[in-house]
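Over in TrEMBL, the protein carries these features:
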REPEAT    1-54  repeat 'Solcar'
TRANSMEM  20-38  transmembrane segment
REPEAT    61-148  repeat 'Solcar'
TRANSMEM  67-87  transmembrane segment
Amino acid sequence: MQTQRQKKSMLKTTLKVIRLRGFLGFYDGFTAAALRQMTCTSLRFSLYENGKHLEILENSNSMLNKLYVASFAGIVGSLVGLPMDVINVRMQNDMKYDEHLRRNYKSFMDALIRIPKEEGWMTLYSGGVAAVLKAAVGNCAQLAVYDQ
């Protein structure tokens, strides 16, 4: 509903999804979203937990060092997850377009192969600057502040 050009009610949107794609249309992009959660979240937590104990940090228990490590973990996690975010959004929004404009990705892997081939690999990182900044700040708030 966030990307609708002309806002519709939840009921109308639900009926349109069912009409165009059937009940399984609600799961378009689910594989990309699930894979992103499994990889990025575990990567963020792993990098943070291991990074905050690095001996190269003078006082590894200080709040400032935790913020540095959390930012780094968020940035790396975001960079790994960006292609999956792009694929997820594209798969979910495909039904909005007229039939001749749809991409019709068959699966996550189909999109992961076709996007770089058809549009260049940098397309997988579109919107990357905002996403990386959001992840760095969010990770500081979620991990470092909570940990302290």
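A Cβ is built for glycine as well, from the same backbone N, Cα and C atoms used for every other residue.
Given the structure is predicted, the values throughout are model-derived calculations rather than measurements.
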Reported mean pLDDT - the repeat 'Solcar' (1-54) | 80
Using DSSP, what's the helix, strand and coil tally for the repeat 'Solcar' (1-54)?
-> 39 helix, 0 strand, 15 coil
The answer for the transmembrane segment (20-38), taking Cβ pairs under 8 Å and residues 6+ beyond its ends, is 81, 84-85, 87-92, 94-95, 107-108, 111
Could you count the residues of the repeat 'Solcar' (61-148) that DSSP puts in helix, in strand and in coil?
-> 74 helix, 0 strand, 14 coil
